[in-house]
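> Got a structure for you, written out below as structure tokens; questions coming shortly.
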Ligand SMILES: Nc1ncnc2c1ncn2[C@@H]1O[C@H](COP(=O)(O)OP(=O)(O)OP(=O)(O)O)[C@@H](O)[C@H]1O
């Protein structure tokens, strides 16, 4: 069974209206998978455990010294013993302080190391996911998985590492010391211990669900903010949305988080209160029983003092047992959510013995009987990474079917067809943004599935209608395609893409920050920057998807001239809407309903009097005038 399938099988049945992502139980084996992460920092963890043991031993043994001070020193009238033992108590207090300081250092160090390991691993894994994953996953949910969940895992693990050991050890040592002093009183105490544990057990189950629901809602809030708080999202809300409704939606989620956190605090507090009541009764019992035994002469006064001190020290670890349980639950849930992402196998992977495509000469492209369905949500992402419960996947009709064609090397192939025909989809299959459901694609005679993804993508340059720029300087955006490009290279590329004059007028030239998604620039300017980026990369295979659609006719004609000379010997696929481009193409593919209806040159296709002739008459002919 695949990880994907086994995870689906683990989800228990939902109650109506309940999110399956919240109901999911922690996957078995999660604890085993956490250990390697902790072992990465074994030295720090070993030191952490050592100082924790030192602290626990000091906590449990210092009351025994108090007994000796009272019984062997004060009551025996031996001031030398009193001074020596008091100095020992003071010395132990200093050692304990050093141990606690080292404990804080170690847990911080091991915890941050763990965060680093998990973060880099999840980031690298998410980068390997195909485009379909990103189209089905809200960004905020992903960011929350990398931030909140990873940090929660760290906090919980560091608390667990130090607290669980110190809690258990202190409990054992303190009870051992109490047994040593008076087994009768300690036996009564032990009978009461299950009373501490009962409420804890009852609440832990509910806590686990609350923690997961809290994390899920946190991720949903992150997604909401991520979608609304960028230029495009904010603009959409202003033009079409209702700010009050948006606030109400956000407020609803924030309120639920508040309720969950309050429930967590209240339940944690309820346990603490129960524990303190039981401890108070316990103290009364020890005073009553111990006091009577002292009066009877069965117990020494120093022993009673030591027992009371030990009793007070028992309170803390028992109380901590509740935090340890919550931390353990948080750690398990957080790690489980992180592992869930790491277990999501990318739909597009490199073949085990993939080879590098080394062509520098323009390659040809061959599609053979290619059929393609867009992958469904369930196949591409995780239930817990989606903002809402998905509808059951419906069977889809193929977007492309039985597509067979050949785009010759070093030639310009134009793809035309009605809107929704599948032109963009076809181009996405070439750099393996998606894989065909059936059929094969060959570049320079190599099946694209047998090539390394990096070499395949290095061979191809793409410019789309909606050019994307990062929120960085123009220089950084251009160098993204060619990190070693010099200022001279950048200037030349910008000049060829007819954007240099605009760049020089910007306040900081190439060092101007382009804004979120390049919003500081107009659509046409972004497209020209994107073309300059392509020219810097100089790939042997170029795909232009309406790459000049935002330009005015004059600028577009000038750019076409540049591209004509620059891409002269490059294999170019162009989704065209301009008659001039189509007419110049060496080869035209006419696409309709996801399949090639016709192919040939402009003249041949006009003579055929088929779909192309119709498109020409309705869309292109007027451009002749
Ligand atoms: N990510 C996606 N998931 C599912 N279906 C998609 C996705 N992207 C596009 N489609 C669908 O695939 C079909 C083909 O879309 P495509 O963008 O390839 O058409 P196109 O010919 O390039 O159209 P246009 O000329 O309008 O850009 C459309 O019906 C579209 O709704």
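A Cβ is built for glycine as well, from the same backbone N, Cα and C atoms used for every other residue.
Automatic, uncurated: that is what TrEMBL annotation is.
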> Tell me which of 222-243, 244-265, 266-287 corresponds to the transmembrane segment entry in TrEMBL.
266-287
> Under 8 angstroms for C-beta pairs, at least 3 of them, ignoring pairs fewer than 6 apart in sequence. Is the transmembrane segment (45-70) in contact with the transmembrane segment (266-287) by that rule?
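Between the transmembrane segment (266-287) and the transmembrane segment (45-70), which are separate recorded stretches, there is no contact, as judged by 3 or more close Cβ pairs.
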> If contact means at least 3 Cβ pairs within less than 8 Å, sequence distance 6 or more, would you call the transmembrane segment (266-287) and the transmembrane segment (293-312) in contact?
yes
> Who are the chain neighbours of the transmembrane segment (293-312) in space, where the CB to CB distance is under 8 Å and they lie at least 6 residues beyond its ends?
60, 62-64, 66-72, 74-75, 174, 177-178, 181-182, 185, 189, 279, 282-283, 286-287
> Could you tell me what the rest of the chain brings near the transmembrane segment (160-181), counting residues at least six beyond its ends with Cβ under 8 Å?
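Distant Cβ neighbours of the transmembrane segment (160-181) are 38, 45, 48-49, 52-53, 55-57, 59-61, 63-64, 67, 103, 106-107, 110, 189-190, 303, 306-307, 310-311, 313-314, 316-318, 320-321, 323-324, 327-328, 331.
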> Averaged over the domain 'ABC transporter' (365-618), what pLDDT does the prediction give?
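So the average pLDDT across the domain 'ABC transporter' (365-618) works out to 85.
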